[in-house]
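Undergrad: Take a look at this one; I'll ask things after.
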Amino acid sequence: MVPSERVTELFADDVLVVSAHVSDVALAAITPREAELVARAVDKRKREFATARVLARAALARFGLPDYELLNAPDRAPIWPAHITGSISHCDTRAVVAVGDRASVGTIGIDVEHRDELKRELWKTVFLRDEIDALDAQFASDVRGKMALALFSAKEALYKAQYPRSTQFMGFHELRVEMIAETETRGRLECVFQNDVGPFTKGFVAPGRYRLDAFPAGEVITAVRIEP
């Protein structure tokens, strides 16, 4: 059994978000076919993967799907039940899973990161010029690196939310993310498409949220939702 907790203030109540510390215990709780997906991975990756799969199984049980085996498609995306929208993320310390009813929720993406900051030398690889300018203008130098990590995380979350509909790769510079701080540790996201991607036209905006205070170890978590 992997102890889990519910994470709030990322989505509306129609999306369940659960989290757990990465644990060796989870390795014994996944199915042989799930284990095969990471058979060649390093031990760290196996622990993260297994914890996330156990969390997903527990979350899906709340939707009437106990013992669901979560495998991957050829593109490595998780194969959720047809009527479920879901997203998985894990880092070295924590796994997070979000699930909801696809017909009413749409598609969702979450991302969790466990680093002190995103180094400035990486910003041009990930961010548009106006995103860099906004980071410099909005945030003090002592928190700017952490907010840059949240911005990077938001792009990862948006990619996961859009992919089930587009099945298309989306580069970092094809998306502009605006961060609207509500407090020092949480706020809203507006993810603006810079190009047409699948059914999404240039200028389409997907809303989301970020939190820097969700977990004691300071992991950053972001969430994006695209309505049906």
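Using N, Cα and C of the backbone, Cβ positions are placed for all residues, glycine too.
Computed from a predicted structure; not experimentally measured.
Per TrEMBL, the feature domain '4'-phosphopantetheinyl transferase N-terminal' maps to 34-99. The feature CoA binding site is assigned by TrEMBL to R45, R53, S89, H90, D111, E156, K160. Annotation comment: TrEMBL describes 108-187 as domain '4'-phosphopantetheinyl transferase'. Residues or ranges marked as Mg(2+) binding site in TrEMBL: D111, E113.
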Undergrad: Which one, from the binding-site residues R45, R53, H90, K160, has the smallest tally of other C-beta atoms lying within 10 Å of its C-beta?
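TA: Candidates: the binding-site residues R45, R53, H90, K160. Fewest Cβ atoms within 10 Å: R45.
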Undergrad: Same-chain residues six or more away whose CB lies under 8 A from the CB of E113 (Mg(2+) binding site)?
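TA: Looking at Cβ-Cβ distances below 8 Å from E113 (Mg(2+) binding site), excluding near sequence neighbours, one finds C91, L149, A150, F152, S153, E219, V220, I221.
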Undergrad: Please determine which of the binding-site residues listed here (D111, E156) has the lowest count of neighbouring CB atoms within 10 Å.
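TA: Output over binding-site residues D111, E156: least Cβ neighbours within 10 Å is E156.
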Undergrad: What span in Å does the CoA site cover, taken as the longest CA to CA distance among R45, R53, S89, H90, D111, E156, K160?
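TA: Result: 19 Å between the two most distant Cα atoms.
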Undergrad: Calculate the per-residue pLDDT averaged over the domain '4'-phosphopantetheinyl transferase' (108-187) and state the result as an integer.
TA: 97
Undergrad: Work out the three-state DSSP category of E113 (Mg(2+) binding site).
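TA: In three-state terms, E113 (Mg(2+) binding site) counts as strand.
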